[in-house]
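A.B. asks: Quick one: the structure is below, and I'll ask about it shortly.
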Amino acid sequence: MRELMTGNEAIARGVYESGITFAAAYPGTPSTEILETLATRYRDDLHAEWAPNEKVAVESAIGYSFVGGRAFSSMKQVGLNVAADPLFSFAYEGANGGFVFVTADEPGIHSSQTEQDNRFYAGMMDIIMLEPSDSQECKDMVIEGIRLSEKFNIPVMVRMTTRVCHSKSFVEMGERTEVPKREYVRDVWQRTTMPAVSIKLRHEILEKLPKMAAASEESDFNYSIINEGAKIGVVTSGISFQYAKDALGDAASYFKVGFPFPLPTEKIREFASKFDKLYVIEESEPFLEFQLKDKHIDCIGRELFPQEGELSTAIIKEKVLGIRNETIDLPVEKIKARPPVFCAGCPHRGLFYELGKRAKSGKIFISGDIGCYGISPLPPFNATDTIVCMGESVSGGHGAAKAFEYYGTDMKSVSVLGDSTFFHSGMTGLLDIVYNHSNSLVIIMDNRTTGMTGHQDNPGTGYTARGTEAPAADITAIVKAFGIKNVRTINPLVLAEVSKALDWGLGLSEPAVIITRWPCALKKFSPDDLAEFDTSRHLFEVQADKCIGCKKCTQTACPALRYDNESKKAGIYAPSCNGCGICAQVCPADAISMVK
Amino acid sequence: MTKSILLVGVGGQGTILASKLLTIGLGQEGYDVKMSEIHGMSQRGGSVSTQIRFGEQVNAPVIGLGEAELIVAFEEEETYRWMKYLKPGGKVVMNKFRIPSSPMLTGDEVYPEGLIDEISAKVETTVIPASEEAAKLGSPQSMNIVLLGALVKAMGLTDIDWEKIMKENTKPAFLEKNLQAFRVGMDYLA
């Protein structure tokens, strides 16, 4: 039986079929649906859980593997930066139960911070890497990855990109293999990182490398497609393989790399010998190219193909064949970008509205973070100065506060981050603020979910990935236990409350935390949410005779609001209104009122 | 020969159900099918696309510049934005419906006029008031099914048993309205 699956669903299927019994991850586009599928479709077959961050997820999977179980973790590309620390050491110490992890990279940066090419991590860790080109390979590579992991006692990385994660293609279904737990034998000379042990393990991993290279030379994932008479040879991997086939057809022969580290250089050398010209077609960095050139296999790569953005059939056609597709030309530049906005009823709106007003003074530095509120630096709010990575708002805010203190600058540091980001890596920064006495204000926007990635539970929501109940972490109690004396929890839909809390926090000369607590407007409310919040859906209307056309309400950037340039009146599009009432609170003419 | 259909719109418009039904139908007909979409940031009211390619053997899941046989657009401005992906000689099916962007909502920009005329002058275009038609049926959420009906007719895929596919894959409560919506969409194409 075959089924149309996204790459992410196919990875989950591979996890299921390969007899993996433990999976942990932190949500992150484009990898999120892997663990979601495991926690729903296969929830009774294995244990799937959301971890507070990628490092914790990987470390849990490492422990599971150490004692003999088959384990899995998945993450977005920047998630691997967070999880890299345990993985480097684990590569030395080695897997017992099979261990496969997925990195989902984002050429083109659709929903990420960087365009980093995580294939280089495999080279740095000296571990096996597999790279699928479609959903069938996603499934097959997890299954083969587990086999290789147990054969070489090494973690195996499966590297995907957005177009593989989020594209559907057919997958043949197979049966699940149940395997017994491997025996655990205590061995501190194998599973610790005491320097004397690491020196030994470093030597061992280098001894493993040629053996893993031999496995790559023999792997069915590395194969050639020879088209008679083709003068061009192409070495390619991942989604680029699909683009290359569409662009060049049978005018080229292909060496398809599915096992790119260690690279099967001898097999490729033999393939290359048949052609006058060898192209290496790969997205992002010249990972294959570096390895080929290191082995003195002459090839054309980055001097021809872009190192930024996504590749495409059209780019390859143009660069290799000099052919451009004809297109229909319209002055598209007159169509402006459609910037993302906070949803109607979003609990972040009130906070950024009030914060943005205060930011106009130029006296506050707002350190932002990763989440839907990544759009807060933009107009009309202009309420964030910097964004770096998960949790950096808090520690970066601490650093800025220290600089203001040292240089006597009349500015206040404010950090803003969500509940899930706080649990991920904001907590340690907050400890630093208390420990090293910085005069910072930290605002934790607790919207009772992990919003940006599509509403995943987290340690604060009271539920697990599989929907079972869990103790809900109490943010107030946590920050108090850290030593924060000034803590206030407010309703961000009441602007007067937000305003008062901000004035209070900004006026203090010691660390303070404001927690805004209201569920995401798009969230499916839990029984706890329904008990705590008035989630009944109200509707607001503009009374045209009272509206003075001042456009104050539109400065809240609510997608339910309209402004008619002819009548000079505001209006509310009823099907979009979520009834939060922020617009009514900013109206100076009392023209907006609740009608339901 | 691989055929490409591009569905475009604004995040939240529901291109997903239409593309799901389409891929099921194409799969049952024995085609190789690939479908691609982008999740994440753009879903918050941004410009979104779903790309469907089918044929004997499909390679890339993504449609390049000048490659689509058909663009089905759920919103007027988005039709225009994606036009360079249409193959010369390709067709456009579009919903006569506007969703203003946030700078338009605040009155800082205005919705561009004349887009439909410019598009129609260049390619074979069928403009359907799909949102209106669906509302007339008493089922505004069937707008995407009106457009699916038009898509099926435009691509000559009428031999596939769409009624059965909808029966098996949509909510029973909406089935009757969806079947009507599908026929309304088909009738817009001669």
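Think of each number as a place in line: the chain as shown, counted from 1.
For all residues, glycine too, the Cβ spot is worked out from N, Cα and C.
If you look up TrEMBL, you'll see A:C547, A:C550, A:C553, A:C587 marked as [4Fe-4S] cluster 1 binding site. Annotation comment: TrEMBL describes A:C558, A:C577, A:C580, A:C583 as [4Fe-4S] cluster 2 binding site. Marked as domain '4Fe-4S ferredoxin-type' by TrEMBL: A:538-566, A:568-596.
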A.B. asks: Using a Cβ-Cβ cut-off of under 8 Å, list the residues of the same chain that are 6+ residues beyond the ends of the domain '4Fe-4S ferredoxin-type' (A:538-566) and lie near it.
C.D. replies: 341-344, 349, 353, 380-381, 572-574, 576-584, 586-596
A.B. asks: Below 8 Å Cβ to Cβ and six or more residues apart, same chain only. Which residues does that give for A:C558 ([4Fe-4S] cluster 2 binding site)?
C.D. replies: A:V341, A:F342, A:A344, A:R349, A:I582, A:C583
A.B. asks: If you count Cβ atoms within 10 Å of each one, which of the binding-site residues A:C547, A:C550, A:C553, A:C577, A:C583 comes out on top?
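C.D. replies: Result for the most crowded candidate: A:C553.
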A.B. asks: Considering only the binding-site residues A:C547, A:C550, A:C553, A:C587, which residue has the minimal Cα-Cα separation from A:C577 ([4Fe-4S] cluster 2 binding site)?
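C.D. replies: Closest candidate to A:C577 ([4Fe-4S] cluster 2 binding site), judged by Cα separation, is A:C553.
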A.B. asks: Run through the domain '4Fe-4S ferredoxin-type' (A:568-596) and tell me, per DSSP, how many residues are helix, strand and coil.
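C.D. replies: Once the DSSP states are binned, the domain '4Fe-4S ferredoxin-type' (A:568-596) shows 8 helix, 7 strand, 14 coil.
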A.B. asks: So which one is it: of the binding-site residues A:C580, A:C587, which has the fewest other Cβ atoms within 10 Å?
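C.D. replies: Candidates: the binding-site residues A:C580, A:C587. Fewest Cβ atoms within 10 Å: A:C587.
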A.B. asks: Measuring Cα to Cα, how many Å separate A:C553 ([4Fe-4S] cluster 1 binding site) from A:C580 ([4Fe-4S] cluster 2 binding site)?
C.D. replies: 13
A.B. asks: By DSSP assignment, list the helix, strand and coil residue numbers for the domain '4Fe-4S ferredoxin-type' (A:538-566), in that order.
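C.D. replies: Here the numbers are 4 helix, 7 strand, 18 coil.
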A.B. asks: Mean pLDDT for the domain '4Fe-4S ferredoxin-type' (A:538-566), as a whole number?
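C.D. replies: Taking every residue of the domain '4Fe-4S ferredoxin-type' (A:538-566) together, the mean pLDDT is 93.
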A.B. asks: Select the closest residue to A:C580 ([4Fe-4S] cluster 2 binding site) from the following binding-site residues, measuring between CA atoms: A:C547, A:C550, A:C587.
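C.D. replies: Comparing Cα positions, the closest of these binding-site residues turns out to be A:C587.
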A.B. asks: Identify all same-chain residues not among A:C558, A:C577, A:C580, A:C583 whose C-beta atom falls within 8 angstroms of the centroid of the [4Fe-4S] cluster 2 site's C-beta atoms; report them in sequence order.
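C.D. replies: Once A:C558, A:C577, A:C580, A:C583 are set aside, the remaining close residues are A:A344, A:G345, A:F540, A:T556, A:A560, A:L561, A:I572, A:N578, A:G579, A:G581, A:I582, A:A584.
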A.B. asks: Within 8 Å of the centroid of the Cβ atoms of A:C547, A:C550, A:C553, A:C587, which other residues of that chain place their own Cβ, given that this set defines the recorded [4Fe-4S] cluster 1 site?
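C.D. replies: Neighbours within 8 Å of the Cβ centroid, excluding A:C547, A:C550, A:C553, A:C587: A:V542, A:I548, A:G549, A:K551, A:K552, A:A570, A:C583, A:V586, A:P588, A:A589, A:A591, A:I592.
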